[in-house]
């Protein structure tokens, strides 16, 4: 275990507490981050931003200091080896709309930024919440709901639920926040790719899965959740809060798919999807490969992105099987991330449709999977 700033870090907590505890000599301006299993460091908020700008990934675990957090055995799951519900899912895929993606992303990128501690970060989250509320109302699906999951910072998480007949839960998530690494609070951060693209992809998938006859008839075996996370750019803050809570509550999360960066295609080079192979669940990754082969039109290749590179890591460290399908084989190919240049003009909406196909395939197949 690597310890810095003269602090002895002995344990972590399951759930966030009202006021983070800090050891003697560590001021309120310091945050505890985890850069790898057992590798922790106390840093300032500015240092966190500089580390993210330099490509260093981590989880902010300040709220876990001194409270006995332990890793958990992975929740067991039994994934289908082949697609069994193409007749239900392919009509939904055919109804996916590139125009919806463009419209929603245009609105989302008009906020000055979606930084998790800024007023516009709250305004953008409120806009997403309102879209989800409208989608549910228009669908007429009984039992479908959306709620806020609040954090200790301004921006809130959003959780939409489609109930199934079992307690087993399948999740797709995307972080909603954006950041300008040079000026986090006030700087322009349209965040079109990072991660407006993932935000609107799962919004469009949610819009269409509610049109499923099986969902409308309440025939889903497993509960589905769509998550929009706050504060990813601060160290996976919102997603870690959720999955710590789910762990403490004994939730049976059988699968989590992360959608972060879904629109950049590396200047016209052959398109592919990137399946992140590190800090993910191998069995679920194999299921993702099958889903891509069955429902997408481009190939998938394995890649690595390091510890805590995105919100799937929050599920993974809390014992829930997680996968991450990104836009390319190498996560950082988009040179505009965390700048005012991360704009819609750099994105490929056809590529984003491929991600939406994968999300619908993933959620549709697992919604109906028996004995998951």
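Backbone N, Cα and C atoms are what each Cβ position is placed from, and that goes for glycine too.
Per Swiss-Prot, Zn(2+) 1 binding site is recorded for 175, 194, 260. Positions annotated as Zn(2+) 2 binding site by Swiss-Prot: 194, 233, 338. Here Swiss-Prot flags 305-309 as disulfide bond, drawing on similarity to another entry. Annotation comment: Swiss-Prot describes 95, 195, 219 as N-linked glycosylation site, evidence class sequence analysis. Residues or ranges marked as signal peptide by Swiss-Prot: 1-18.
Overlay of Swiss-Prot feature records on the structure.
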residue	record	DSSP (3 states)
95	N-linked glycosylation site	coil
175	Zn(2+) 1 binding site	strand
194	Zn(2+) 1 binding site	helix
219	N-linked glycosylation site	coil
233	Zn(2+) 2 binding site	helix
260	Zn(2+) 1 binding site	coil
305	disulfide bond	coil
338	Zn(2+) 2 binding site	coil
Rounded inter-Cα distance in Å - residue 195 (N-linked glycosylation site), residue 260 (Zn(2+) 1 binding site): 6
Residues close to Zn(2+) 1 site centre defined by 175, 194, 260, Cβ within 8 Å: 174, 177, 191, 195, 198, 232, 233, 261, 310, 311
Spatial separation of residue 260 (Zn(2+) 1 binding site) from residue 305 (disulfide bond) - C-alpha basis, Å: 12
Other C-beta atoms that fall within 10 angstroms of the C-beta of residue 219 (N-linked glycosylation site): 14
CB within-chain contacts under 8 A for residue 95 (N-linked glycosylation site), separation at least 6: 208, 211
Environment of 194, 233, 338, the listed Zn(2+) 2 site - residues of the same chain whose CB lies within 8 A of the CB centroid: 52, 177, 178, 179, 181, 189, 191, 195, 232, 337, 342
Cα-Cα distance linking residue 175 (Zn(2+) 1 binding site) and residue 233 (Zn(2+) 2 binding site), given in Å to the nearest integer: 9
Minimum Cα separation from residue 309 (disulfide bond), reported as the residue among binding-site residues 194, 260, 338 that achieves it: 260
Residue among binding-site residues 175, 338 with least C-beta crowding, 10 angstrom cut-off: 338
Integer Cα-Cα distance in angstrom, residue 219 (N-linked glycosylation site) to residue 194 (Zn(2+) 1 binding site): 35
Cα-nearest neighbour of residue 338 (Zn(2+) 2 binding site) within the listed binding-site residues, 175, 194, 260: 194
Other C-beta atoms that fall within 10 angstroms of the C-beta of residue 305 (disulfide bond): 23
Chain-internal residues near residue 260 (Zn(2+) 1 binding site), provided their CB is under 8 angstroms and they sit 6+ positions away: 174, 175, 194, 195, 198, 232, 310, 311, 324, 326
